[in-house]
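Here is what TrEMBL records for this protein:
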type: ACT_SITE; residues: His504; note: active site, proton donor
type: BINDING; residues: His504, Asn505, Ser506, Thr507, His508, Asp547, Asp664, Gln716; note: AMP binding site
type: BINDING; residues: His508, His546, Asp547, Asp664; note: Zn(2+) 1 binding site
type: BINDING; residues: Asp547; note: Zn(2+) 2 binding site
type: DOMAIN; residues: 167-221; note: domain 'PAS'
type: DOMAIN; residues: 428-758; note: domain 'PDEase'
Amino acid sequence: MEESVFAEQTTRLVSDLKFPNLLPPNPVIKILIAFCKNDPVFEALVNASHRLSLEPTFVKSAESAIDAFQNPSSGGHHIIIVDARYPRTIEAEALGRSIRNSKGSQHTTMVAVVKKSVFEKDDTAVISLLDVGYNRCIIESPHVSICSSELRQIQHSLVRPQNVISTQQALYTALHRSREAVIITDDTLRAQYANRASERVLNMKLDEIVGRSLSDLVTADISNILSHTSRYKDYDGYLTTRRKSQESSQIHVRAVPVSCIGRNPTHLVLILESSSSALVSTNAIGEALQTLPQGKEVPRGSLHSIRRGSFDVRSIASDGLRRTSLAKLSSLPLEAPITKVLSLLAQVQENCSLDEAKLLDRVMEFLKREGLYSPQMKEIRTEDPVATDLIGALLTQGPTNILSSRRSSNDSIIRGGGRPSTGSIVFNKTKESSQLSDLLQTALDWDFEIFKLEDLTEKRPLVCLGLELFRRFDVYNTFNCDEMTFKLWLIEMEKHYHSENTYHNSTHAADVMQATAVYLQQLSNRELKIMDRMDEATALIAAATHDIDHPGRSSAFLCNSDNTLALLYNDICVLESHHAATTFRLTLGDDKINIFKHLDRDMYKLARSIIVDMILATEMTRHFEHLAKFVSVFGTDVESKDPLPPDNDDNQILVRRMLIKCADVSNPTRPLKFCVEWARRIAEEYFMQTDEEKRKNLPIVMPMFDRTTCSISKSQIGFIEYIIHDMMDAWNSFIEMPEIIRYMEFNYSQWKLFEEQGINTLSDIKRKQMSLTEDTASSISLEEKF
């Protein structure tokens, strides 16, 4: 018996030797069996594996299964069998997602063993297992013969075809590295694949080619190609490329029909060659460009495989928009030298020749590089103490006793000790779990019920919401890391948020992460192609940890009290530096939660630089600097979607910074009931700081936040007027989310009404919240109010 099986293993099938002609591997099949206990079903599978001369590995938990599969020397199993009968011991769905999100799992066959009753009742459980990545579900059986039959069928129907498919990756690699441009289309000439050389011939990025019809890429009539290839004839001819802002070029095309299923052609292989004149033109342009100053290069490592390439978002702004953005800069409560220079150049540009105007355009673009914006306050209304206190405090670093009403992560300190460990989060199959599932379905709604999530998760919302958002934005695949590692990472991050804080706790982190996700979704909907998968993943990670280990005291308090962190960071960007450092110290300190462990060195360095930069961007002393740069580059009205040169990363950095800044202080742009609750929480946190300063005889950083005299309504009015309004106006113009402006204007009018009505103390706000909870019409019928 064993000899016959061995002969079968080593003898190649006829089908293996035909299409493609690359011989597939035929190794001894490795099988991973994950069972929580050694019952008769397990014993039958073990004996069946030995009978078929398979190479088995046995584990008893989901964590062990992931570790075994990812083991570089003994992992990479061809078949994984998971006991799905006891979800409390091995959560089969979570394990399936984790395996599928592991590097190299795309060709692994996954099988779930389920109870017979599951098949007899309904197919819901089976469908859910298939949806997360299992290839097949089999009924539990203690009989070795039945298990052997199942494994043999799996081997022939799933494992062998997967071996052939996996081998074809070598062909795709060769094709991708080929110097000859190749595009594979379906039978309607819609591109399904394009190799790297096609970028050069068509002067387009791969993501601009794949998914589009050939008629969108060329100006010629493509019906001749279809008429030839539909009769199994090759096509040989010339086409003219279609490309904005580029001279048209003629290319030679050979189209070969291919039938993958059935008899009719299902795909066309297009081989493209530039004409000699086009090549000469391209070389001449390339030589000319080499004489021009080049932008900085950022090492990307292997990121090319998943990053779409950066786009210079400057082309989004037209000449008219540039004038609008300069006018907007003049209206801001600041003035930097670079702003004056840009205004003067714009005036000169209006009265010069076309060639001179183009040269000035180049000069102005260089002036918009990072590091040239260091604003100073212009003269503001001295009779308005709220404006003076807010802007003055935000532009001041180090020890201070200037009034402040800010609410971002800049104004917090770090004290020793976090929340004790709570272990993994497990929710019982109750009414609450059903409510939680329904709530997470709305995770990308702007009116997402964050405080309901806080209640349902017992003040641990970051793990649940984080896993949901990571899943939606395909973060697991982007990082080549399993879901279990991300879950443990989120648990550890949430442990280091201080639940005793009324504002800067894990609910705030979850809220900022949710706002970030909505912004990312909106950018994706607009197809601006600014944020690729790595940008999205790192943005969500930065949002989740941007205030980690934050106990709710201001940066000035930290410096005034001679805290060790203030000494460590020289009173400069103390909190944000600590948040970023804590994120990486915790993540890299434990391999079980190291979400970066499967990134290569260059990819990790890129991810780290993005995360650190975004966390540091939440430091508010540079608020006006970031805003001025954003407005000068993008203006206040965005209409064009033309992509930009791929070598400019400055604008992508600017967008990421503005995104997390707007997410961090998005409270005034949420429905009123949320806005009021966040205002109450931040006021209580500031009140506690003032109380402590009085007790310790320290300088009082924010005298207006004295619980006996503070007007919460007035502080919110000033915060919206001088910090939120201009920033959200510019951000809305960029991403086109009018609801944030409608909510902001409505909330602003309500805070003014509250102030007129004398609703300004903490107790007043709490009483007002009761009526807001009962009446949600204010957040639903905004369209009727404007």
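Even glycines carry a Cβ here, placed using N, Cα and C.
Feature map: TrEMBL annotations on the structure.
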{"residue": "His504", "record": "active site, proton donor", "CB count, 10 Å": "26"}
{"residue": "Asn505", "record": "AMP binding site", "CB count, 10 Å": "25"}
{"residue": "Ser506", "record": "AMP binding site", "CB count, 10 Å": "30"}
{"residue": "Thr507", "record": "AMP binding site", "CB count, 10 Å": "25"}
{"residue": "His508", "record": "AMP binding site", "CB count, 10 Å": "26"}
{"residue": "His546", "record": "Zn(2+) 1 binding site", "CB count, 10 Å": "29"}
{"residue": "Asp547", "record": "AMP binding site", "CB count, 10 Å": "27"}
{"residue": "Asp664", "record": "AMP binding site", "CB count, 10 Å": "24"}
{"residue": "Gln716", "record": "AMP binding site", "CB count, 10 Å": "30"}
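Note on the domain 'PDEase' (428-758): mean pLDDT across this stretch is 90. Across the structure, Asn505 (AMP binding site) and His546 (Zn(2+) 1 binding site) are spaced 11 Å apart at their Cα atoms. Inclusion criterion for the binding-site residues Thr507, Asp664, Gln716: a C-alpha placed within 10 angstroms of the C-alpha of His546 (Zn(2+) 1 binding site); this criterion is met by Asp664. A Cα-Cα distance of 7 Å separates Asp547 (AMP binding site) from His504 (active site, proton donor). Spanning the residues His504, Asn505, Ser506, Thr507, His508, Asp547, Asp664, Gln716 that the record associates with binding AMP, the maximal Cα-Cα distance equals 23 Å. Of the recorded residues, Asp664 (AMP binding site) and His504 (active site, proton donor) place their C-alpha atoms 11 Å from one another. Taken through DSSP, the domain 'PAS' (167-221) splits into 25 helix, 13 strand, 17 coil.
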